[in-house]
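Accompanying notes for the structure given below.
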Amino acid sequence: MASKSFKASRSNLSSTSDAPSEGLNKPPLPPTVAFGRRTSSGRYVNYSRDDLDSELGSGEFMNYTVHIPPTPDNQPMDPSISQKVEEQYVSNSLFTGGFNSVTRAHLMDKVIESETSHPQMAGAKGSSCAIHGCDAKVMSDERGADILPCECDFKICRDCYIDAVKTGGGLCPGCKEPYKNTDLDEGAVDNNGRLPLPPPNGMSKMERRLSLMKSTKSALMRSQTGVGDFDHNRWLFETRGTYGYGNVIWPKDGGFGNGTDDETGEPTEFMNKPWRPLTRKLKIPAAILSPYRLLIFIRMVILALFLQWRVKHPNNDAMWLWGMSVVCEIWFAFSWLLDVLPKLCPINRATDLNVLKEKFETPGPNNPNGKSDLPGIDIFVSTADPDKEPPLVTANTILSILAANYPVEKLACYVSDDGGALLTFEAMAEAASFANIWVPFCRKHDIEPRNPESYFNLKRDPYKNKVKPDFVKDRRRIKREYDEFKVRINGLPDSIRRRSDAYHAREEIKAMKLQRQNRDDEPIESAKIPKATWMADGTHWPGTWLHPSPEHSKGDHAGIIQVMLKPPSDEPLHGSADDSRLIDLTDVDIRLPLLVYVSREKRPGYDHNKKAGAMNALVRASAIMSNGPFILNLDCDHYIYNSQAMREGMCFMMDRGGDRLCYVQFPQRFEGIDPSDRYANHNTVFFDINMRALDGIMGPVYVGTGCLFRRVALYGFDPPRSKEHHPGYCSCCFGRRKKHPSVVNSPEENRALRMGDSDDEEMNLSLLPKRFGNSTFLIDSIPVAEFQGRPLADHPAVKNGRPPGALTIPRELLDASTVAEAISVISCWYEDKTEWGQRVGWIYGSVTEDVVTGYRMHNRGWKSVYCVTKRDAFRGTAPINLTDRLHQVLRWATGSVEIFFSRNNALLASPRMKFLQRIAYLNVGIYPFTSIFLIVYCFLPALSLFSGQFIVQTLSVTFLAYLLIISLTLCMLAILEIRWSGIELEEWWRNEQFWLIGGTSAHLAAVIQGLLKVLAGIEISFTLTSKSGGDDVDDEFADLYIVKWSSLMIPPITIMMVNLIAIAVGFSRTIYSTIPQWSKLLGGVFFSFWVLAHLYPFAKGLMGRRGRTPTIVFVWSGLIAITISLLWVAISPPSGTDQIGGSFQFP
């Protein structure tokens, strides 16, 4: 990676720096955000970001660094105490800030009421400072042991240590001897004895990290020769004097290993070793796929011939009936064509986790210690309202993430609380505390699934395949701890309320005492103090209060970042058989991944863009704090069911050609669905048929959760070699333009980052602040994430790869200025005049921001992959109630209508998108409009029975033959789809039923809502009203029987009532007529029964449990029946009379 493209000194990494930026044309900066920390006495001290970097050093010598090779008198030390202390300080501080406000670091004595013992946990229990009058905690290491900087073992906290160094002459307060190590910026040496390479002048923090990645060859030689045998001349020779720009692939003369493939030599160990792929395609057997494609072609021909015959043979007796039916049938054929064409190329895929382990975690020449060379993953969990999304469910999701089978130091979990609720904050802290015993228990006994709620509720035998003798004892103890954990979570709302009331009463008493002191003889009025929400350490919660007030409501609060679990150590930290521990953790890694609570700033007057805005805030904050090259986003109710899921997804990203994948989508699987799946909640037809089929084109659509993203794809960059793979429609007729020489000679690292339609121009770095905002730290992180996300260059066919062993170096420790920078990028003003939400990150402007975000990536030429694992990767919950299900479908359909009327319509897609992929996205925007024709077609059988006519003149043999062939081909296609997808016939039929239920209710409402919004700017909503039948708390599926009336139910009820009345009318007319026309009756009755069979689950849902149907259902049914009967009598009165109502007269 060429560092010259992203120049930034450490002093201007903050967006709030007053110094002008060189080389980047920045927009005007927002108001300056200062940084302050809260001392143990409650006093706030303001610092600039540069002061934070130089707290322990003298400003006169900050620009000088001396590197001395190790000698017998100068042996490398452990990592500097100050860096560990700074990270501990960050993990124990609650950072707040935002627009026009001071960024504060609030040092918290405790985060929750219960004690915490894990050394990574915020507010962990520890020794107290020995300085008189100070009650802060002593500095501790990764095991929780006290860090005592002086040999006299005098206990001192971080703040007092800084004061002793800066103002006390560097003397220990205990023994009055000078401290041995006080330099914050002293070069750290990792556990393998590697020495840092001297960085070139002017390099930023991110560039120094990148240069260390590229020095793996010299680091390897040093680790082989040992620390004591370090040869400085040999180091200079091995790096060719490039000082950090060496490469595992030996550079040829004149090259630095950063250019094209022609500039590097091939390593012999790669050429001699057989190369094994990480994934492979499993094609559908030709015995199934060939007949499937043939049937599609046959049905297309039959439909064309049938429609031609229908147009040429009108029903002259009922032209209105014939015309409506023909229009509907033409649209249905068009809609079926849009749905079936993308299914022509279905494929299955498989991964090889053994090869992944061999390539990335097995000791070898480039990785002698066998440390993980896998890239980092940042996992996003989003929640907004603890009342609608129970904190216990979110906590279980987080526990499954923390226990995932992925290198601990490469994982980071970010929880987005868009409501800023203290309940969610303390629930996450409780989850982090419980993870101290849950995660090692999962690792020790290989537990699946690693969601404690799901694990302890398993129906199968929990002792199957468990061989360790202490498993039963450990499981019993963990189960008891989990039960206590659930009780604590359930008691949090009441605990927070009682605590806040107590503190509020104390504040009122203080205010009254103050009034008495100021007013001796005057009558005292009750003091009016805002009723605040208080944290466990006795301070105000900076987010949303239980009783909202200015700057403390859901739409008006400061940005909050709390590192719940600080980053783990680089080396495994094994437990021991300590009696104080709940279970024996000998030889079990007890480290926990980084866990961060984030609540973005919200202020009145800003459009916060709901979930998409929250996701973009996490993208920016995570880029600064951990910068994982891959991002996995999960809903708060979707947990990791397969602990190996992330490894399976990484197989696709790290395989040959994986650098062109924007995301890996996993199927959604659900728990708690009724056995009959009455409302097709599993949605298997979509996830196992449509998505597998799209995987054979450019990849599946993004469905909102369970998706592993490539970070640079979210940033809006084009895929590598985009012109090579997508030359355009006219490339066969016109030759490609010759690339500009500067592009040909530019390093591959720069050519991999493109944002535009042309590869023939250099990326204009001056535009980056306008696109990503004015945080140079964020901009510096982009090339690092791109480099770390590349596949291994372990084969000549792998293009745009990285050298093996490049990601085995330790991560940089968190410091306060880094978290302060993260606070600034989650501020409400940060996205102003940038491309966030327009081209960068999650896209705004639609209810279904997930589909639009995936569409934009495919439109730029990226591909995606569908990863179906043997064991479900993720599981979540879905609404089993009819009304909730309809409103869920309404939201999806509304988003599709918005997509159709926006610039994201597939008709406007770029030439980089393949034709069949374009058809699939076009179907996404068009399918709600089918409801208009479906409603009409569902009324046609009733109209036919009422009028005595039919859609054709007579039931001829030709019509019946066409109808039979069309129906048979549809059934045969369904059978073949079931064969190659693996779903069951009942699931396919349930999907067909709910297609009609949703099409006649939610889809129609979405079309109306979308048209009113687009044409008139009117937004309407469909609300829920009465409830019935859900009072059985012992029934797992009690929600299934709850009937909540909604206006969405009116069209399906009307269709059912009309068709039932029409069948009765048709039979009556035919039986009592002089010349019965049974053919027309049978035609109408057949189609009416077809409609009623599809609506059967809807009718069953209206009945509730044991006939507890709400009164409003009977009222509407009666009104509809009476109205239809009166209309029919008025339209077609009985024979022998010319007045409405026939010969009937009132007395």
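Placement of Cβ uses the backbone N, Cα and C atoms for every residue, glycine included.
Which of 1-37, 38-74, 223-259, 741-777 counts as region 'Disordered' depends on TrEMBL, and there it is 1-37. Cβ atoms under 8 Å from those of the transmembrane segment (286-307) belong to residues 326, 329-330, 333, 336-337, 340, 343-344, 346, 962, 965-966, 969-970, 972-973, 976-977, 979-980 of the same chain, restricted to positions at least 6 beyond its ends. Fewest other C-beta atoms within 10 angstroms, among the recorded positions Glu389, Asp418, Asp850, are seen around Glu389. Long-range neighbours of the transmembrane segment (950-976) within the same chain, counting only residues 6 or more positions beyond its ends whose Cβ lies under 8 Å from a Cβ of the stretch, are 288, 291-292, 295-296, 298-299, 302-303, 305-306, 309-310, 313-318, 321-322, 325, 340, 940, 944, 985, 988, 1079-1080, 1082-1084.
If you take the Cα of Lys388 (UDP-alpha-D-glucose binding site) and the Cα of Asp850 (active site), they are about 21 angstrom apart, rounded to a whole number. Sparsest Cβ environment among the binding-site residues Lys388, Lys610, Lys611 (other Cβ atoms counted within 10 Å): Lys388. Taking Cα separation as the measure, Glu389 (UDP-alpha-D-glucose binding site) is nearest to Asp635 of the recorded positions Lys611, Asp635, Asp850.
In terms of C-alpha distance, the listed recorded positions Ser382, Asp418, Lys610, Asp850 place Ser382 closest to Asp635 (Mn(2+) binding site). Geometry remark: Lys611 (Mn(2+) binding site) versus Asp850 (active site), CA distance 10 Å. Take the mean position of the Cβ atoms of Ser382, Lys388, Glu389, Asp418, Lys610, the recorded UDP-alpha-D-glucose site; other residues of that chain with a Cβ within 8 Å of it are Thr383, Ala384, Asp385, Gly419, Lys611, Ala614, Cys636.
Around Ser382 (UDP-alpha-D-glucose binding site), a 10 Å sphere centred on its CB holds 23 further CB atoms from the protein chains shown.
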